[in-house]
Amino acid sequence: MPQYRSRTTTYGRNMAGARALWRATGMKDEDFEKPIIAVANSFTQFVPGHVHLKDLGQLVAREIERAGGVAKEFNTIAVDDGIAMGHGGMLYSLPSRDLIADSVEYMVNAHCADALVCISNCDKITPGMLMAALRLNIPAVFVSGGPMEAGKVILNGEERHLDLVDAMVVAADDRESDEDVATIERSACPTCGSCSGMFTANSMNCLTEALGLSLPGNGSLLATHGDRKELFLEAGRLAVKLAKQYYEQDDESVLPRSIASFKAFENAICLDIAMGGSTNTVLHLLAAAHEAGVDFTMKDIDRLSRKIPNLCKVAPSTQKYHMEDVHRAGGVIAILGELDRAGLLHREVPTVHSPSLGAALDQWDINRETATEEAKSRYLAAPGGVPTQEAFSQSKRWTALDLDRENGCIRDIEHAYSQDGGLAVLYGNLAEQGCIVKTAGVDENILVFSGPAVVCESQDEAVNWILNGRVKEGDVVLIRYEGPRGGPGMQEMLYPTSYLKSKGLGKACALITDGRFSGGTSGLSIGHVSPEAAEGGLIALVEQGDRIEIDIPNRRIHLAVSEEELAHRRAAMEARGDQAWTPKDRDRPISQALQAYAAMTTSAARGGVRDLSQILGSR
């Protein structure tokens, strides 16, 4: 039977010094026999998704103590991708994921904590903490800060529901008045919480439910609603319970790696495909699987994407629905329930809160006769409609649940938005290791597309060309040297896609990059091209005007240039010597921190994880 890790610092005469320090934090004699639960918070005033978390760590801590544990809170960093977007700050976003994972590992292992509660929310914080939890493999529970309410505004006599992307698009549209732009800017992000659409943050928080590491409603219950408080309290109680199950009952089934198995990762990507989640989730799931020691790859994602339909369409793929609407329709559990009825889910996998996912569905799927009154009540939590930065500040409820699986926010298999899933992996000579497209956001008229390449050596160059009218209908904008190594940091391309929309080209052009896209991106936007340009990928050899062919139904992407010509171009590239596979005429200062990241990172096809052999082998 395993001993509490914390006894390393609390047991025996030789630990008198450590105990003296523990006492200085408030611990007493009786506490040294209890499990020490680390509360990894991520409060910051920089990020609306985290601005309300300041007191929530202590809320969880007090509940841990009531449940018989000792709580010790610490904080990680959190980058706001929306604020960091469109300038050099975005270079730091993906690298911050590794920094967050490392910081959680450092704190938990340095102090020998027994279990972990992860209070996350936004884009890189949830995946960073997820990587850490799977790396540490001690009992862990996730609880996120919750989604933001959708913005609401009256324009031209009509109510519009808004999010961050609307503000970006209208600001670049010369047809919009300054007054309307200002109105939308002030209304788009009305409350604390992660941005209100199915962007990266909300996608990842939904996936923690499918992986079995968070409670029902975690991905969709609004940050402002009083019902969300119970998720935080239950997370604290659950962490103590799981710690005692593992250390006192030798029950390894409660460990993160036992829960997040290969089958659980399959469930997670099936949810992702069904709900049309952010393409960034692919990057993060691959990285999490790597930490868990699970052999889950792009080929698995490709295989499942061919049989999972698109059952939920939310902003940015449509402005009709936001996360508050997903919640009213039953949230993640409802989507999983529809997949389960179609035989597309592994029901037997365990979760932190139920003996199996199947048992959880029976209790929490609001479209089942076995659904509890607690479940029906939880999913009635509605937006309050009052701007606020305060968690749990309102208690408004819908008058009825959205149980319509034919025309509602969440559909059943027979009435799917499309039988083709919301995410797809494309392969071809331009992406031999694969690339990702969010098909849920692609207009059906351009699922098959070809056009001349407009080659840009950076995101900045692409933005300049789009805004200055150099990109025309039918073009394929190609942005390269923005991958994990080439950027470095694999920037998001939300501004280029938003500006294409503002110019009326959102359904008339394609955009391809070895970088990535914001969860707020829609349109024919293909990212994660692997291998990236900096690794010798074919994307580095594309020239202006080359024809690029995209066929999403057949999962194909192809550069229509002869092998002989490509061989000639490759030889010319290699002849550049030390400058081979680097961008021409790009002046971008790179800090030592980012250089270190670039030296160790890998391709998007591997999740952009660290591979130390790349530097150890050079010694």
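Heads up, the Cβ atoms here are built off N, Cα and C, so glycines get one too.
Per Swiss-Prot, the features are:
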type     : residues              : note
ACT_SITE : S518                  : active site, proton acceptor
BINDING  : D81, D123, K124, E492 : Mg(2+) binding site
BINDING  : C122, C195            : [2Fe-2S] cluster binding site
MOD_RES  : K124                  : N6-carboxylysine
Extra residues within 8 Å (Cβ to Cβ centroid of D81, D123, K124, E492), Mg(2+): V79, A84, M90, S93, L94, C122, T200, A201, N280, S518
The one of D81, D123, E492 whose CB sees the fewest other CB atoms within 10 Å, among these binding-site residues: D81
Residue from D81, C122, K124, C195 whose C-alpha is spatially nearest that of the residue listed as 'active site, proton acceptor', among the binding-site residues: D81
Rounded distance in angstrom between the Cα atoms of C122 ([2Fe-2S] cluster binding site) and E492 (Mg(2+) binding site): 15
Neighbour-count leader, CB within 10 A, binding-site residues: C122, C195: C195
Cα-Cα distance linking C195 ([2Fe-2S] cluster binding site) and K124 (Mg(2+) binding site), given in Å to the nearest integer: 14
Length of the line joining the Cα atoms of E492 (Mg(2+) binding site) and C195 ([2Fe-2S] cluster binding site), in Å: 16
Secondary structure of D81 (Mg(2+) binding site) (DSSP, helix/strand/coil): helix
Per DSSP, three-state class assigned to D123 (Mg(2+) binding site): coil
